[in-house]
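Only one structure is covered here, and it is reproduced in the block below.
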Amino acid sequence: MSERTEGRRTVGVQSRLPRVVIVGRPNVGKSTLFNRLIGRRKAITHPRPGVTRDAVEETWELGGGRVLLVDTGGITSERGGIFEPLVRERALREVDRADVLLLVLDVTELVPEDEELLELLRPYKERLILVVNKVDNEAREEMAWNFFSLGFDTVCFTSAEHGRGIDELEQEIERRLVVPEGGGDAPSAPEIDVAILGKPNTGKSTLLNTLLGEERALVSDAPGTTRDLLEGRFQYRGRWFRIVDTAGIRRRSRIEDDLEFYSVRRSLKVIEEAHVVFLLIDAQEGLTEQDKKIAAVAQRRGRGVILVLNKWDALTPVPNQFQAMKARIRFFFPHMDYAPIVKISARRGEGIDKLLDTALMLRDELGKRVETGPLNRALERWKEEVPPPSRKGRRYKVRYMTQVSSMPVRFLLFVNRREGFPSSYLSYLENRVRKEFGFSHIPIFIDLRE
């Protein structure tokens with residue numbers, strides 16, 4: 001595994017868990033098997049061949065320990081599409097790194113691509129399990145016995161879709177591995193979860209590869225290269241990050257098929273699991289309406305958002321360029337004036353330390369708790385400086401405030417009546433909380449209660 005150090009930043013340092021790699025031609029059920037083994041739907045499954053392009057990884061509990069399960073893109077000899085050679089190269093690279101290989105075949109047909117794969121992987125015979133998939137009934141089980149003639153020592157019959165044969169397959173994998181209890185070097189729960197979001201072709205996959213110090217995601221000029229959620233772990237300043245690269249989010253009218261819609265829907269769901277969102281913006285294009293909508297989703301969910309101006313190296317330098325672009329973003333995006341703006345070149349690795357330092361700052365703010373006593377002493381002072389307004393001769397009374405959660409940061413404000421309570425006064429209190437209690441760069445929420 002590649003490793004690179006810049007100052008105190010170490011990227012590409014991940015836990016050395018045993019690797020179980022799933023390979024096969026397109027549409028034999030690799031992603032369905034992957035999802036079945038990890039117990040949830042992570043890899044996208046679709047009748048269209050070649051849906052998985054990148055290698056999708058997940059830590060998998062097996063026999064009281066943990067292994068790394070890897071779903072690869074379908075290996076094909078076809079050269080018609082722009083991605084096939086890249087997908088093939090990436091999948092074969094995973095083969096070399098595997099401790100156990102699961103070669104998945106479709107019981108209903110053995111095609112020339114399968115035969116080519118069988119010969120290609122024969123040198124790895126000692127660590128290979130032949131998985132004959134789609135064995136959904138007794139008739140297909142009779143067909144499956146013919147696969148023993150291919151000359152591999154271990155053959156397992158499965159129906160990944162229905163869960164048939166999965167226990168036996170897991171037992172065979174466990175028999176071949178020495179599974180470390182509790183895992184490897186990385187903590188089971190990373191200190192900071194980061195989601196990379198943005199429109200297609202803004203450099204999300206390039207940033208993921210730069211952070212991990214290896215090519216995990218396919219990088220192409222074609223928008224929409226990433227479909228699956230790609231993730232990895234790395235260490236920075238002694239703290240562990242989990243980083244997730246998502247499919248590019250386009251306007252609904254630009255989403256061309258149901259497969260892309262499913263990818264985008266899951267990308268938005270990733271926000272729920274993240275502490276911090278890197279919203280990548282093409283510095284050459286500037287902020288767009290779609291960027292604003294993506295950021296608004298993250299804001300509503302109380303996540304930290306960093307507006308990341310990528311491809312900064314592609315701009316022609318002019319005086320005060322960064323300040324001017326920040327001012328323009330603030331003007332068109334006033335309701336998120338707290339969100340940090342960072343310029344980077346993911347391709348050159350420039351500005352990455354600043355980006356990660358900012359992410360750590362947001363993570364710390366999101367986890368902060370304010371004691372009720374100091375908060376209410378400050379609240380009394382704020383009320384004296386700016387008293388609550390009145391309406392129709394009746395003054396609104398602010399009684400006290402308490403923090404009820406972190407990540408998202410949420411406060412309850414007790415008042416004499418909620419109806420018609422001025423939003424301007426809520427904004428005033430929000431700004432005072434930010435300034436005096438260290439929530440300067442994240443969204444906070446103040447809910448009213450009588």
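Placed from the backbone N, Cα and C atoms, the Cβ positions cover glycine too.
Note that TrEMBL annotation is computational and uncurated.
Keep in mind that this is a model prediction, so the values were computed, not measured.
Look at TrEMBL and you will find 24-31, 71-75, 133-136 tagged as GTP 1 binding site. Here V135 (GTP 1 binding site) comes close to V107, E141, M143, A144, F157, T158, S159, R164, G165: these same-chain residues lie at least six apart in sequence, with C-beta atoms under 8 angstroms from its C-beta. V135 (GTP 1 binding site) falls outside any helix or strand according to DSSP and counts as coil.
Mapped onto three states, the DSSP output places K204 (GTP 2 binding site) in helix. The feature GTP 2 binding site is assigned by TrEMBL to 198-205, 245-249, 310-313.
What TrEMBL lists as domain 'EngA-type G' is 18-181 (among others).
Here TrEMBL flags 192-367 (among others) as domain 'EngA-type G'. The average per-residue pLDDT of the prediction over the domain 'EngA-type G' (192-367) is 80, rounded to a whole number.
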Exercise. Just how many other Cβ atoms lie inside 10 Å of the Cβ on T72 (GTP 1 binding site)?
Worked result: 26
For this session: Determine, using Cα-Cα distances only, which of these binding-site residues is closest to G198 (GTP 2 binding site): G24, N27, K30, T72.
Result: T72
Seminar exercise, completed: Three-class DSSP assignment, T72 (GTP 1 binding site), comes back as coil
Exercise. When the Cα of T72 (GTP 1 binding site) is compared with the Cα of each of the binding-site residues N201, K204, T246, W312, which one is closest?
Worked result: T246
